[in-house]
Amino acid sequence: MPAFNRLFPLASLVLIYWVSVCFPVCVEVPSETEAVQGNPMKLRCISCMKREEVEATTVVEWFYRPEGGKDFLIYEYRNGHQEVESPFQGRLQWNGSKDLQDVSITVLNVTLNDSGLYTCNVSREFEFEAHRPFVKTTRLIPLRVTEEAGEDFTSVVSEIMMYILLVFLTLWLLIEMIYCYRKVSKAEEAAQENASDYLAIPSENKENSAVPVEE
């Protein structure tokens, strides 16, 4: 099990790297919505662009709304990332990509008071020869912060399936070993019976059974 846990992430990283190199694509993956107190939490916000839309002016705004409160700005990217004055000041870290398709941020040292609704607004003005269209996308992330990490149902199911697979493989190997052992034993018994039958034949019969050689 530990070996599988070490090899599986490595194989996944190799596969992701190979796909990203051979087939450069953008996938809008939703953000996680649960965090543990004291740990960093990445708020994922991905807004993909088409290949012909690379030239664009992008502005990113992150808002936070506490439970029962109103939205207020906590982070802004406009010609460079900058943190605005807010209760999150000093705990926000830019985690986006150079092409600004991934505009995620990370909240450091998450507290229970960080629970609430996070809004990621991405505004783009594309630079075409004939026109300059403006597009705005919004991602909502309802975050819940807990004191301790809860049991992940997916990981529990995966672990159970892994144990079932190990038991199945063990039984299959045991059956194969028994089958091979019986097969070898039968072959040895047949060889011993043939040898015993040959030794039981009188010497006269052995000489008579020989094929005469013509001169």
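The backbone N, Cα and C atoms fix where each Cβ goes, glycine too.
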* Structure fact -> Candidates Cys120, Cys180; Swiss-Prot says the disulfide mate of Cys45 is Cys120
* Which of these links to Cys48 by a disulfide bond in Swiss-Prot: Cys22, Cys26? -> Cys26
* Asked: Here are some residues: Asn113, Asn194. Which is flagged as N-linked glycosylation site in Swiss-Prot?
  -> Asn113
* To do: Determine, to the nearest whole angstrom, how far the Cα atom of Asn109 (N-linked glycosylation site) is from the Cα atom of Cys45 (disulfide bond).
  => 20
* Asked: Counting only residues 6+ apart in the same chain, whose Cβ is under 8 Å from the Cβ of Cys48 (disulfide bond)?
  -> Cys26, Val27, Glu28, Gln101
* Among Cys45, Cys120, the most crowded of the disulfide-bonded residues [Cβ within 10 Å] -> Cys45
* Can you tell me the three-state DSSP label for Cys26 (disulfide bond)? -> coil
* For the domain 'Ig-like C2-type' (32-154), what are the DSSP-based totals of helix, strand and coil residues? -> 8 helix, 58 strand, 57 coil
* Asked: Fewest neighbouring Cβ atoms within 10 Å: which of the glycosylation sites Asn95, Asn109, Asn121?
  -> Asn109
